[in-house]
Amino acid sequence: MWRRQVGALLLRHRSTPSSTLRHHLPLPVPDQSPPLASNLLLRLFTSQSGEGGDGATKPFIAFVLGGPGSGKGTQCVRIASDFGFAHLSAGDLLRSEISTGREKGELILNIIKEGKIVPSEITVELIRKAMESSDAKRVLIDGFPRCEENRIAFERITGTEPDLVIFFDCPEDEMVKRLLGRNQGRVDDNIETIKKRLKVFESLNIPVVDYYTSRGKVHKINATGTEEEIFGAVHKLFSSLRF
């Protein structure tokens with residue numbers, strides 16, 4: 001399943017994305033019929049995928065989940081640095097594809113501008129190709145899967161499951177406080193928007209956490225406290241693993 005005849009994708013998008021794209025990539029909603037542009041995009045990705053495999057060893061895959069403001073992105077950077085992981089973000093990969101100006105990127109941008117959802121298959125293909133082109137033996141996938149539809153698509157397309165799922169468990173009031181601390185705009189509007197994001201996260205992402213908990217793959221990290229305190233727990237966990 002781990003084909004190498006694919007175009008290289010940037011693991012970390014280095015150009016400055018627009019604030020609109022960074023903050024308004026739509027959340028996945030299950031059972032939404034894909035538009036015509038999505039169908040064309042699926043065909044483009046499928047037609048350019050390599051066929052067959054070369055027997056490459058599957059990397060150690062860790063999903064990193066947590067609500068907005070839980071600090072998972074910050075912790076991922078430190079995990080990647082200290083333990084030799086490639087750090088992949090689905091949002092960054094979509095933005096990177098858009099920034100190329102190629103046909104696939106333009107189609108993704110049009111879907112987002114229309115307020116529609118980029119199909120799970122597209123996001124998974126970007127992740128799969130990034131894993132293959134990185135040649136990394138250990139991969140962190142940050143903030144994905146965001147819903148059960150994402151999870152099912154990942155397992156179907158890659159033919160594998162994650163080896164580990166890290167869930168940064170953070171109380172809602174703490175996440176709200178952190179997110180408000182990042183913003184300088186109208187506080188009332190920010191609170192309303194943040195609480196909506198948290199409700200969407202709970203309804204879509206928690207079932208994924210529950211599923212992998214039933215598979216014995218989830219390690220919960222208490223995401224309250226300082227960055228150093230949280231990383232202390234993270235470091236202890238990763239130091240105990242055998243890759």
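Quick reminder: no glycine exception, Cβ is built from N, Cα and C everywhere.
Predicted, not measured: the structure shown is a model, and the values here were computed from it.
In Swiss-Prot this protein carries:
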type    : residues                                                                      : note
BINDING : Gly69, Ser70, Gly71, Lys72, Gly73, Thr74, Arg182                              : ATP binding site
BINDING : Arg95, Lys116, Ile117, Val118, Gly143, Phe144, Pro145, Arg146, Arg186, Arg197 : ribonucleoside 5'-phosphate binding site
BINDING : Asn150                                                                        : CMP binding site
REGION  : 89-118                                                                        : region 'NMP'
REGION  : 181-189                                                                       : region 'LID'
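Feature map: annotations from Swiss-Prot on the structure.
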residue : record                                   : CB count, 10 Å
Ser70   : ATP binding site                         : 25
Gly71   : ATP binding site                         : 23
Lys72   : ATP binding site                         : 24
Gly73   : ATP binding site                         : 16
Thr74   : ATP binding site                         : 13
Arg95   : ribonucleoside 5'-phosphate binding site : 22
Ile117  : ribonucleoside 5'-phosphate binding site : 22
Gly143  : ribonucleoside 5'-phosphate binding site : 20
Pro145  : ribonucleoside 5'-phosphate binding site : 28
Asn150  : CMP binding site                         : 22
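Candidates Ile117, Gly143, Pro145, Asn150 (binding-site residues) were compared with Gly73 (ATP binding site); those inside 10 Å Cα-Cα are Gly143. The Cα of Arg182 (ATP binding site) lies closest to that of Gly143, out of the binding-site residues Arg95, Ile117, Gly143, Pro145, Asn150. Here the C-alpha separation of Ser70 (ATP binding site) and Asn150 (CMP binding site) works out to 20 Å. Gly143 (ribonucleoside 5'-phosphate binding site) has its Cα within 10 Å of the Cα of these binding-site residues: Lys72, taken from Gly69, Gly71, Lys72, Thr74, Asn150. For Arg182 (ATP binding site), the count of additional Cβ atoms within 10 Å of its Cβ stands at 9 [all protein chains shown].
The two recorded residues, Asn150 (CMP binding site) and Gly71 (ATP binding site), have Cα atoms 22 Å apart. Put simply, of the binding-site residues Arg95, Ile117, Pro145, the one whose Cα is nearest the Cα of Gly71 (ATP binding site) is Pro145.
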